[in-house]
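The domain 'Amino acid transporter transmembrane' feature in TrEMBL is assigned to 62-387. Sequence annotations record features per position, and here TrEMBL assigns transmembrane segment to 31-50, 70-93, 114-131, 137-158, 225-246, 266-288, 309-329, 335-354, 366-392.
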Amino acid sequence: MSYNESQNDEAAREKAINDWLPITSSRNAKWWYSTFHNVTAMVGAGVLSLPYAMAQLGWGPGQHAFGEKLGLWIVVPQQLVVQVGVNIVYMVTGGKSLKKFHDLVCSDCKDIRLTYFIMIFASLQFVLSHLPNLNSISVVSLAAAVMSLSYSTIAWGATLNKGVQPDVDYSYKASTKTGAVFDFFAALGDIAFAYAGHNVVLEIQATIPSTPEKPSKKPMWRGAFLAYVVVAICYFPVALIGYWYYGNSVEDNILISLEKPAWLIATANMFVVVHVIGSYQIYAMAVFDMLETALVKKLHFSPSFMLRFVTRTVYVGFTMVVGICIPFFGGLLSFFGGFAFAPTTYFLPCIMWLSIYKPKKFSFSWIANWACIVLGISLMIVSPIGALRHIILTAKDYEFFS
């Protein structure tokens with residue numbers, strides 16, 4: 001076989017693999033796809049914890065930038081932790097919202113363990129996870145985006161309707177100064193988690209057609225801008241109104257604080273379930289792409305239905321089991337918010353910017369980026385500490401698979 005024939009065969013094999021992988025197999029998405037994909041990824045379960053985070057804070061306070069090989073080792077593990085972490089949290093969120101829905105619509109029924117509701121939620125993910133690529137879940141993602149806007153509106157609208165609680169208290173919930181400090185750290189992680197959606201923007205952009213004449217960054221920017229408008233509409237009313245009306249008594253999921261009207265709160269919880277079904281898939285699809293790329297390109301497995309079936313089933317099962325073992329919604333948000341999202345959100349992008357553009361020392365850009373780096377590293381250190389304390393305190397009376 002000649003050198004050219006060998007090169008052609010290798011190129012054909014590479015194309016066949018890329019056509020099989022979930023991120024690169026379909027690049028015919030429209031710009032509005034990026035809007036609802038981004039909304040689905042951004043407006044996650046974190047929005048429901050923002051009033052709780054406010055209660056702890058109070059009213060006052062490219063991979064190649066590091067080199068091709070080093071960049072992969074620095075960025076990819078962080079991205080993987082983010083995406084797996086989100087999927088675990090969404091397993092818990094989906095299960096808790098299903099349980100809340102059941103308890104509201106059937107208050108006289110026998111109590112059912114949270115474990116079973118997480119398993120019910122996981123069963124839906126076992127099915128949807130076998131859709132081939134990101135574009136194939138666009139309908140699910142669109143429904144999830146609409147649901148996120150809907151339950152956020154219900155959360156602050158129902159709070160407004162209920163009115164400021166007569167015994168509302170804006171002091172710190174913790175009884176000691178040490179407890180207040182740790183809760184403050186955990187709250188920073190909650191807020192970091194709430195802004196985690198950008199961790200899949202590159203995967204979303206990869207589904208949009210791109211040519212030198214019409215690069216994908218233009219429609220992606222349009223879609224992302226509109227998505228952030230929706231994010232602002234969802235986040236600020238929920239965070240501010242929730243804390244204003246409930247003070248430090250607000251739960252780590254504001255929908256739990258809202259009991260009446262039962263039919264409306266039950267509806268909102270079901271909206272949350274639909275949303276996290278779609279959001280789970282957005283993050284999981286990026287993980288599937290990493291796993292399947294490694295299996296096919298590094299370990300030389302042949303692309304096949306069985307390979308995909310086993311890989312995705314095992315992954316969904318893994319996130320389900322971890323979610324069942326550690327179903328602490330608030331603690332998980334804070335831990336992953338600080339440990340995983342702070343690096344990819346605050347300081348790794350700034351380090352990349354400084355590495356690529358090399359701004360003049362002590363210029364505004366240089367100072368701003370270094371400030372973000374310092375804040376991001378601080379957040380990565382202190383938030384998981386507060387979160388682990390929260391999980392340990394919550395787990396005192398917890399029994400596994402209860």
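The backbone N, Cα and C atoms fix where each Cβ goes, glycine too.
Pairs of Cβ atoms less than 8 Å apart link the transmembrane segment (225-246) most often to 137-158, out of 114-131, 137-158, 266-288, 309-329, 366-392. Fewer than three CB pairs closer than 8 A are found between the transmembrane segment (266-288) and the transmembrane segment (366-392), and contact between the two stretches is not assigned (pairs 6 or more residues apart). Listed by sequence, the residues of this chain that lie at least six past the ends of the transmembrane segment (137-158) yet keep a Cβ under 8 A from its Cβ atoms are 29, 33, 35-37, 39-40, 43-44, 47-48, 128, 131, 230, 233-235, 237-238, 241-242, 254-255, 258, 261, 264-265, 267-269, 271-272, 274-279, 281-282, 285.
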